[in-house]
Every structure is written in structure tokens, then in C-alpha cells.
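Positions annotated as domain 'Tudor' by TrEMBL: 4-62. Annotation comment: TrEMBL describes 53-108 as region 'Disordered'. Taken from TrEMBL, the feature compositional bias 'Low complexity' applies to 66-75. Here TrEMBL flags 76-95 as compositional bias 'Basic residues'. Per TrEMBL, compositional bias 'Basic and acidic residues' is recorded for 99-108. Here TrEMBL flags 207-229, 254-273, 294-313, 325-344, 455-475, 481-500, 521-542, 562-581 as transmembrane segment.
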């Protein structure tokens, strides 16, 4: 294996792909497999370059000094010779031939540069900012595909060159030049293809890498089972020794698994109904936009009608409570089966269809994080469907089952005030998510993360069975609260919801249409990607105000359970840890994406989630 020539952090001169121009860059990393250097330009752009495209700064300074020290008299003599009328005709003809060759070389260089820039335009997704400048419109901050406009602009110099060539009648070498152009095009495309392939590989592994993700595949289901078993105990203190596991045959029941499958495919049927509008998601790496049908709220209404019909015919909905552990096992088994299917089908996906964060080349890591970005069966988007439908709506159905179970077990004609608060707060959260379903298309779950075990397990098991932990706890451990306390908890939940919803609305509206006159009061920092970073409103208060609202709401959901045990507050602790992890991931992603603009933003907005604290 050849030794690397440049060290990490070294400032060198890097050639821009497809051109002869060198710019000052900083070496950030080196890939031993592909032998490519990852370098960072001054505007924050990161590219993978071969060692032959990188030179030291000293070599450039040396050449510059040599050029400047060349004799002026020699240059003057050269000019006088070329202009001398006494030179023979043969010399003039040779000079004319050299001029033609010079023009041909110039044409070749310009075409290669234009071709490289054109391909880079497709590869790095030029922003709508550039589109508007070409069309004479004002600048914007929302990124969109401008490939057609770049194509039109890049072909104009070639047309001018054609006119020059026709004037000097250089057609005898047409076939030879055509071969050279085809070869140069192939060379540039191969270079761009190498850069794209190298840059698409996941280099920085999260969740502890291969070992960490392997352990999480077993640790996450075990955590859910432990929490559910503890809630069944008379004294659910986390300091107590974990209860013994039930017999394996009692954890599995074919009927329960059948009910789970029926629920999943019923939601799939609602998803396929031709109701609701169809919208486009954000541009993918190849510039294409996928279409999504927005009908999650309609699916919720249809589900509520179906549940109401079952209750009318006196179906025992607390069957969910009696077989809660078996439903959790069924969800875990289905999630694992779905994850295996997703990974197998991802092996046939093209490079551009793979997820940026799940393309490491390591089986366990890619299986956990998700190898394919948007797995679809026809128009049925598996990730988008699972993100909101089976788990989120199932969460509300489970809460309702816990409410009915509490009334039956404790012989109550009305549910307790604590149970009502938990059900109401979480119902508001789910209805809000379904009503604003389109907003999820701009989240990292959709735009960046692949669909693998992490999201499949999270959507189908973690959300419905962990998020309903407070309601499940209250069935076995009823907690009485007074009306003033209930009013104070309600105010706290409303504050958290207001921060969460208004912050997300500002972000989503600005991403969709930053030129909207209603958003004229918002100020932003422009970036090299064509997008803007908000520095007013909630996003000028802290960097992740939506996370702040989430944490406040999670606290309000747990307070009705009282303070006898910490178990109901597991969700709050988990949520804080999750959001801190997401915040760190977002920080790293934004720093790579926006470069110096992100550093300016961090100086302008110093607090991440909690104002004056963190």
C-alpha cells in the first residue's frame, strides 16, 4: 500500500475536478481503500481528490517566482520576431498552424471544463439561488434543481467556438478532434463517477459503529420488555431486581400475531386510498423528487370509525391490555422480518438510491441504520408509511385500551383525571403530526436516514409500546391529582406544544417558500448551498427550538403519574438523551453542509436546546 503524501489538517492546493484551476484546500481525511483525499475548500465544500490532483503550496510559489524572474528583453525579442515583416512566408504559415492548434487546444480545454461543471451541477445539486440569478430573479434560500438552466448556459461558449472554427476553416481535422472530444468526455465522466462513488460512502459511523449497532439490535427490544414487565409489578422501582421472564410459550400467540398483521395491512389499505393531495418531497441527490400522498389524517378518522364500530358491538378493547406483552413480541418479530427484507432488497438498489448514512459497506451497521433511502413497492413508500401510520395511530388505540382497562379493573364509571390528561395530551400530539403530515418530508428521517432496523423497530415497536408507558403504568398504579395541579400540568403542555408547533411551522414554511411575503420578517444567513439559516423567530432563540418543545411536552405527559416511581419518567429521560444525540448529529451534518455559514450561525445563536443552559 503506498504511503500517503499529505497529512490531515495540511493546507495544500487542490485541482477543481474537470478544470486546470487550483484552489487552497485543507486535507480532512484519507481513504486507504480508494486512495482518495477528502479536502475542504474555503467555502465549506468537501470533495474527494486523487493525490495527483493535489500539490503543495511551496511548488506553486516556486513556479510563480520563476515566471516573474524571466527576462523582459527575451519577451520583447520574441514579440519583435513574431511581428517582423521580414520573416519568410513559410514562417508565417507555421505561425498560422500553431495559432490553429492553440485555438483547438483552447476549445478542448473549455469543453472539458464546461462538461465537468455540468456534471458537477447534477452531482452537487445547484440551488434555486443560481436558477433565479440566471433568470434575472432575486436571490432565494431554498435549494432546487437547475440542471436544465446550467445545460443551456454551458452550451453557449461551445456555440461561439463553433463560429470561430468555421471562420478559420478547420474542418480537415474534424474526425480526429471528434475522437479527442469523446475521449475527454469519457475521462471527465469517469473522474466524476469516481468522486461520486467515493463521497457517497458512509465514512463516519454513529451509535458506536459495528459493535454498537450489533448490541443495540438486542438491547432495544430487551429494554421494551423490561419496562413492560416492571409496570406489571406492585413495586415498579427500578432499584428492584428485574422480575423473572415469563415462559416462552406464554409470550407468543398466533392469534395475537394475526391481529397485529390485520392492523398493519388495514393501515396499508387506508394509505392506498385515493384520497388526500399528492405532494413532492425534497430533491434527492440526483435531482429527482418523489411523490407522496398526504392522507394520514383521513386514515386516523377511518380508524376511529372502525374502533367506534367495534365498541358499539361490545368488542372487548382491553384485550390489548391483557395480551400487551404478546403484542410487543409480535411487533418485535415483525420488525425484524421487515428489516431483513429491506436489507435484502437494498442489495439490488443503485448507488443513488442508497442512504447517505447507511452505506458503510459493513453488514451489521447498514442493516441497523438502513441501506436504502426510500424503499418502494410501486408507489407504496414503506418508510413514509411506517413513519406515521401503524405505530403512531396504534399508540392512541393502545392508550384508549388502557383507559378502558382502568375503568374495568377498578370498577370506575369514569376514567381517572390522570388517565384523561395523558390520553388528551398524547392524542393532541398525534393529531397534530397527522394534520401536518407534509412537514415530515423535510425531516432527516425522510431525507437522510435509510429504512432499516432502527426505523422499522422504532416505528412499529418503540413508539406504540414505550410512548404509551404512562397510560400502561396508570392502569396498575392509579394516581389521584387535584384540579389545580391538573390545570398547571395542562398549561405546561400547552406551552411546550406552542413552542413545538410554531418552531416547526416557521422552519417548514421557510424551506418550502422562503420568498413568501408572510415570512418577510424573518432574517437569515445565506449559505453556499443556496439555502438560508434562520436567525430570528424561534430559530434565533435556540438552534433546535422544536426539541425544546418536545421535552416540555414529554414532562407534562409524565407528571400525572406522580412522583412515587421514576419509571413513568423513563420517557422524559430517553427523550432528552435522544434529542441530545440528534442535536449532535444535526450539528455535525450542518457543519459539513454549510461550512463557514454554520460557524457564523453558531456565534449568532449560541444555545442549542435549553436557553442559557445548553
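Each residue, glycine too, has its Cβ placed from N, Cα and C.
Contact between the transmembrane segment (325-344) and the transmembrane segment (207-229) is present: at least three CB pairs lie under 8 Å, with pairs separated by 6 or more positions in sequence. Against the transmembrane segment (207-229), stretch 455-475 has more CB pairs under 8 A than any other of 254-273, 455-475, 481-500, 521-542, 562-581. If you look at the transmembrane segment (481-500), the same-chain residues 6 or more away from its ends with a CB under 8 A from one of its CBs are 417-418, 421, 425, 428-429, 432, 538, 545-546, 548-557, 559-560, 562. When pLDDT values are averaged over the domain 'Tudor' (4-62), the model yields 82. According to DSSP, the domain 'Tudor' (4-62) comprises 9 helix, 28 strand, 22 coil.
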